[in-house]
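Trainee: Feature table excerpt (TrEMBL):
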- Asn96, Tyr99, Glu100, Cys153, Thr188, Arg241, Ser252, Ile253, Lys254: Mo-molybdopterin binding site (BINDING)
- 117-270: domain 'Oxidoreductase molybdopterin-binding' (DOMAIN)
Amino acid sequence: MLIKRPRKWELSENLVTPENVFLNRRAFLRGTTASIAGAATLAVAGCGEAAEKTEALAGGEADLTAKAAELFPYPANTSIPIDRPVTDEEVSSTYNNFYEFGSHKRISRAAEALVSRPWKIEITGEVETPITLDVDQLIAQMPLEERIYRHRCVEAWSMTVPWSGFPLAALVDFARPKSSARYLKMQTFMQPSVASGQKQSWYPWPYTEGLTMAEARNELAFMATGIYGKPLGEQFGAPIRLAVPWKYGFKSIKSIVTFEFTGKKPTSFWEEIAPKEYGFWANVNPEVPHPRWSQATEEVLGTGRRVPTLMFNGYEEQVAGLYKGLEGQNLYR
Ligand code: MTE
């Protein structure tokens, strides 16, 4: 990566939210409603459903964050097929790509400098009502669950990770995009004083990624707000990051501040830097090598083993239909 210069997804009855989690969630919503401390942080005063819900949740930010933390662990969606043991937290939390904090894997200490709460998120562009809200106000309105996903980096290493969060489709519904929205563009924070990598002006900061609307609505596209049953650490992209497991890891943008619905295909960070090596689609395909290395196998971190890489990282059944009719494009870079 480094450049110098039955439908398996439907929850079965035994997977419905456990009662204690459900009750905690009701208490959280009641608490936040009761503690209305000020005006909601609406970018545009609107009378849409999202605006109304968010106004009802306006509360002290610290209060919201504490209550959001109490919602862990989220109920497990065990209907997701997974055939590998979860990667040891010690391994996954000390081997990260987060170029804002350095172009190597040992960024976890440096990333602690990021103040990830309170955290504002902007939902903008081709939507009914643009809105800016606190991440915990958003989380409180989302259907929360835990999913175990494979995570395959374009550099040919992989992990298996229990993400906590909510389907990206729920955020799309919340945003109410107009019919003119064809893509969802996402961007990471821009704070060079905290993230020293952002002082390196040859990188096209802020980190940017995008999905088509169909990809964003796919059942696998997930917004992670936690990992290993607790809130995300900064090195994983706190407080909110994308997880799209059928794509190479660089699509899974960390520490997002902006969700922009747009008619124009976004250019992603790595595509901007090296368009011959990284593209918009970046679907995992063992048969299409990266220009500088094979994608046929991957190192499973923490095991000392290399295993064959699977088409769409093993998620072909859920996502292959997204790419019908696009065969002429390079979907695997
Ligand atoms: N998001 C931002 N903002 N900055 C980054 O450098 N790296 C990407 C992706 N998201 C990156 C990012 C890459 S290359 C990978 S492989 C994954 O994050 C790594 O996620 P992990 O550290 O949680 O394993």
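From the backbone N, Cα and C atoms, a Cβ is placed for every residue, glycine too.
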Trainee: Return the single residue from the binding-site residues list (Asn96, Thr188, Ser252) that has the minimum number of other CB atoms within 10 Å.
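Mentor: Asn96, out of the binding-site residues Asn96, Thr188, Ser252, has the fewest neighbouring Cβ atoms within 10 Å.
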Trainee: At its widest, how many Å does the recorded Mo-molybdopterin site span between Cα atoms of Asn96, Tyr99, Glu100, Cys153, Thr188, Arg241, Ser252, Ile253, Lys254?
Mentor: 19
Trainee: Restricting attention to the domain 'Oxidoreductase molybdopterin-binding' (117-270), give the mean pLDDT.
Mentor: 98
Trainee: According to DSSP, which of helix, strand or coil covers Glu100 (Mo-molybdopterin binding site)?
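Mentor: It is helical.
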Trainee: Under 8 Å between C-beta atoms and at least six apart in sequence, can you list the same-chain neighbours of Glu100 (Mo-molybdopterin binding site), or say none if there are none?
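Mentor: Counting only residues 6 or more apart in sequence, the Cβ neighbours of Glu100 (Mo-molybdopterin binding site) under 8 Å are Ala111, Thr188, Phe189, Ala195, Gly197, Gln198, Trp205, Tyr207, Ser255.
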Trainee: Restricting to the same chain and to sequence separations of six or more, state which residues have a Cβ under 8 Å from that of Lys254 (Mo-molybdopterin binding site).
Mentor: Phe98, Thr188, Tyr207, Phe236, Gly237, Arg241, Leu242
Trainee: For Thr188 (Mo-molybdopterin binding site), which DSSP three-state class applies?
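Mentor: Once the DSSP labels are grouped into three classes, Thr188 (Mo-molybdopterin binding site) ends up as strand.
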